[in-house]
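**Student:** Right, I'll just put the structure down here and ask away after.
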Amino acid sequence: MTTAIDSPHRPARRVSRFFDARPRWRLAGLLTGPALWLVVLYFGSLMALFLTSLYRLNDDATRITEQMGTSNYHELLTTSVYRDIVVRTIGVAVLVTVIDIVLALPIAFFIAKIARPRLRTVLITAVLVPLWGSYLVKAFAWRAILGSPGGVLDKTFGSSPGYGLPAVVIVLAYLWLPYMIVPIYAGLDRLPDSLLEASNDLGAGFWLTFRTVVIPILFPAIVAGSVFTFSLSMGDYIAVALVGGPTQMIGSVVYANFASNLPFAAAFATVPVLVMVFYLLGIRRTGALENL
């Protein structure tokens, strides 16, 4: 009777002992599934995007031909309008990232080092709650706030920036601010208070301590937040469509050409991917990624 009960478990025990004795095989077994999923979905989609960008429309621009080439990239690089859009998009992404860093540093510092535990919980919740809300709801709310005439700011103060590039920067900075606050707060939470006390004992004021002690330690956390804010700003097109007015960014061009000229839309969509690759390679050289 005992043999009959134990026998179904023996193969499982053998498998367990096999992997316990071979940690590399165990690690390979755990990572194979997620790695295949990543390769098929992520890298497969990138490959499909790149291959699509090599096709072109026929002379009547009515259908995609089977001929492949780099004509879409040639048009992208030689047309000044498209070059301006790329530069504008990168500039907006950089500006949004800088604004979020400037806003997130004092907010995260107050939450992590100054606020009492009960208030800290409330503030962390307040930072995270916007992430639970719908992106479209928040974007439409800003459309109602910034509208001119008839917007909330216009009715309250008699003036408003209206729709345009400044509105895009404001909305994107608001939307991605929590993605900057959270990693900076996590970095500050790990910062020993003894370092701040030692700096104060040595006669350093608040700003000197913040500049020479806090910022260098927080640099990896700031880099982590910038990856989110920069990449999300590079690819956004909904906020641009709602509050951008005549402003065009990469996402706007991709969306506008998706139905009528898919190969060119795919070629333009590779630009943010390449920019992010160079961005990640750049911050990797700083050593920030190794210290996350």
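Glycine residues also receive a Cβ, built from the backbone N, Cα and C atoms like all the rest.
Pulled these features from TrEMBL for this protein:
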- 35-55: transmembrane segment (TRANSMEM)
- 86-281: domain 'ABC transmembrane type-1' (DOMAIN)
- 90-115: transmembrane segment (TRANSMEM)
- 121-142: transmembrane segment (TRANSMEM)
- 163-186: transmembrane segment (TRANSMEM)
- 206-230: transmembrane segment (TRANSMEM)
- 264-283: transmembrane segment (TRANSMEM)
**Student:** Are there 3 or more C-beta pairs under 8 Å linking the transmembrane segment (35-55) with the transmembrane segment (264-283), counting only pairs at least 6 apart in sequence?
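**Tutor:** Contact between the transmembrane segment (264-283) and the transmembrane segment (35-55): present.
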**Student:** Look over the recorded stretches 35-55, 90-115, 206-230 and say which has the most C-beta pairs under 8 A to the transmembrane segment (163-186).
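**Tutor:** Between the stretches 35-55, 90-115, 206-230, 90-115 has the largest tally.
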**Student:** Can you tell me which parts of the same chain pack against the transmembrane segment (35-55), counting only residues 6+ beyond its ends and a CB-CB cutoff under 8 A?
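**Tutor:** Beyond its ends, the transmembrane segment (35-55) has Cβ neighbours at 64-70, 72-73, 262-264, 266-267, 269-270, 273.
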